[in-house]
Amino acid sequence: MSPKTETKASVGFKAGVKDYRLTYYTPEYQTKDTDILAAFRVTPQPGVPPEEAGAAVAAESSTGTWTTVWTDGLTSLDRYKGRCYDIEPVAGEETQFIAFVAYPLDLFEEGSVTNLFTSIVGNVFGFKALRALRLEDLRIPPAYSKTFQGPPHGIQVERDKLNKYGRPLLGCTIKPKLGLSAKNYGRAVYECLRGGLDFTKDDENVNSQPFMRWRDRFVFCAEAIYKAQAETGEIKGHYLNATAGTCEEMMKRAVFARELGVPIVMHDYLTGGFTANTSLAHYCRDNGLLLHIHRAMHAVIDRQKNHGMHFRVLAKALRMSGGDHIHGGTVVGKLEGERDITLGFVDLLRDDFIEKDRSRGIYFTQDWVSMPGVLPVASGGIHVWHMPALTEIFGDDSVLQFGGGTLGHPWGNAPGAVANRVALEACVQARNEGRDLAREGNEVIREASKWSPELAAACEVWKEIKFEFEAVDTI
């Protein structure tokens, strides 16, 4: 090395390890409208001060590394670094705190959830100085959200395509989820749609297995859709799962669905990946297909209260990546979901502007500007007795999906669909007449069952079925 080079490298540079808080903890920082803001629940190792742990999160998820490097002098760290700008305690948790981190917009590629998550929820989650780390919420500024297409169509366009207004949409997941032949599968689809459902659905793990290859399933389901439409005079759909082992195969399945003329396809966005999902969402908008999203694998990421990522962040990411429906819990069924928290991320999916509300877990005000909304899907362990609560909790802009609650009807699939449609229409009418579904819901169902034998039979079968476990996802 020449003396000249040694001099250059040594000016303003001292090798060694610095405390992160000297550079990345900046409580005086005033956040900008263009910053991406994150709220992390941090559990540091014993002896690590909160300021150092919060600064470490900001550093490792932006420009920092474990030691000082001389190439820091070749760029403007003040322009690009993440900043831990606030720290607050977590009530009832002495070893945890919330670290608020601001990221400058230039750190992220436009229109890429993949790049956003690679930084913010990347290697930092394995950092040894932290015992656990959870991303509770993100504020996505309009300057960044406008670089995304978002949902292929959105709520209003979907209603216009289906010509269905003033009520939640009704769906059913075909069961058993695995093992049926394509023809028997199509038969179940037809019976459910003929009975009054708007949609039927592939289960998340139905792709293209030996017992039912995807092309056969698509053809028989399309036949079922057209036959049910002709008999009922209503537009029908089946969520044809295009998820595949490669993006090329996924797109081939979506193209075939479009050629069949069906209205909607489906994707498992977490197991399939954000890059694949965004590609499919763009194809769906360009070709008039609705896109149903399943969240398989989400609980691996969001179930633990002190580590991982809250589903409200995954929901925001999906709205940017693209989807017209996404599963979001039921509050009353078999799957995890506390009411206020669930409705918090339901609003983040549907609404244009959502105010900060810590009681519902919403850490930041979120302005989606003109990005279309996503219909939340309530699915998992629900039946006709849940219909009043679901109608009251989720309102009209939702999809209520009954799998076992349709196909488990003692008289068969079509009567199961009839029971659900009658229960829904009765609840919507009662609500529109000013009745309180929270208090009078069971009576509304009993009254409707007097003139619907299908509903009466369903009420008898599921009158004792409850899923009463304490929710894990609490504030």
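Just so you know, glycine gets a Cβ as well, placed from its N, Cα and C.
What Swiss-Prot says about this protein:
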MOD_RES   PRO3  N-acetylproline
MOD_RES   LYS14  N6,N6,N6-trimethyllysine
BINDING   ASN123, THR173, LYS177, ARG295, HIS327, SER379  substrate binding site
ACT_SITE  LYS175  active site, proton acceptor
BINDING   LYS201, ASP203, GLU204  Mg(2+) binding site
MOD_RES   LYS201  N6-carboxylysine
ACT_SITE  HIS294  active site, proton acceptor
SITE      LYS334  site 'Transition state stabilizer'
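Here the features listed in Swiss-Prot are placed on the structure.
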residue: ASN123; record: substrate binding site; Cβ neighbours (10 Å): 10
residue: THR173; record: substrate binding site; Cβ neighbours (10 Å): 24
residue: LYS175; record: active site, proton acceptor; Cβ neighbours (10 Å): 16
residue: LYS177; record: substrate binding site; Cβ neighbours (10 Å): 14
residue: LYS201; record: Mg(2+) binding site; Cβ neighbours (10 Å): 29
residue: ASP203; record: Mg(2+) binding site; Cβ neighbours (10 Å): 18
residue: GLU204; record: Mg(2+) binding site; Cβ neighbours (10 Å): 21
residue: HIS294; record: active site, proton acceptor; Cβ neighbours (10 Å): 28
residue: ARG295; record: substrate binding site; Cβ neighbours (10 Å): 23
residue: HIS327; record: substrate binding site; Cβ neighbours (10 Å): 21
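Within 10 Å of the C-beta of SER379 (substrate binding site) we count 25 further C-beta atoms, all protein chains included. Here the candidates are the recorded positions LYS201, ASP203, GLU204, HIS294, and by Cα distance the one nearest LYS177 (substrate binding site) turns out to be ASP203. Cα of LYS175 (active site, proton acceptor) to Cα of HIS327 (substrate binding site): a distance of 17 Å. A gap of 11 Å separates the Cα atoms of ASP203 (Mg(2+) binding site) and SER379 (substrate binding site).
The two recorded residues, LYS201 (Mg(2+) binding site) and HIS294 (active site, proton acceptor), show a Cα separation of 10 Å. Taking the C-alpha positions, the distance from THR173 (substrate binding site) to HIS294 (active site, proton acceptor) comes to 12 Å.
Distance between Cα atoms for HIS294 (active site, proton acceptor) and HIS327 (substrate binding site): 6 Å, as a whole number.
Residues ASN123, THR173, LYS177, ARG295, HIS327, SER379 are the ones the record ties to substrate, and the longest Cα gap between any two of them is 37 Å. In the three-state DSSP assignment, the secondary structure recorded for LYS177 (substrate binding site) is coil.
Taking the Cα atom of each, GLU204 (Mg(2+) binding site) and HIS327 (substrate binding site) are about 11 angstrom apart.
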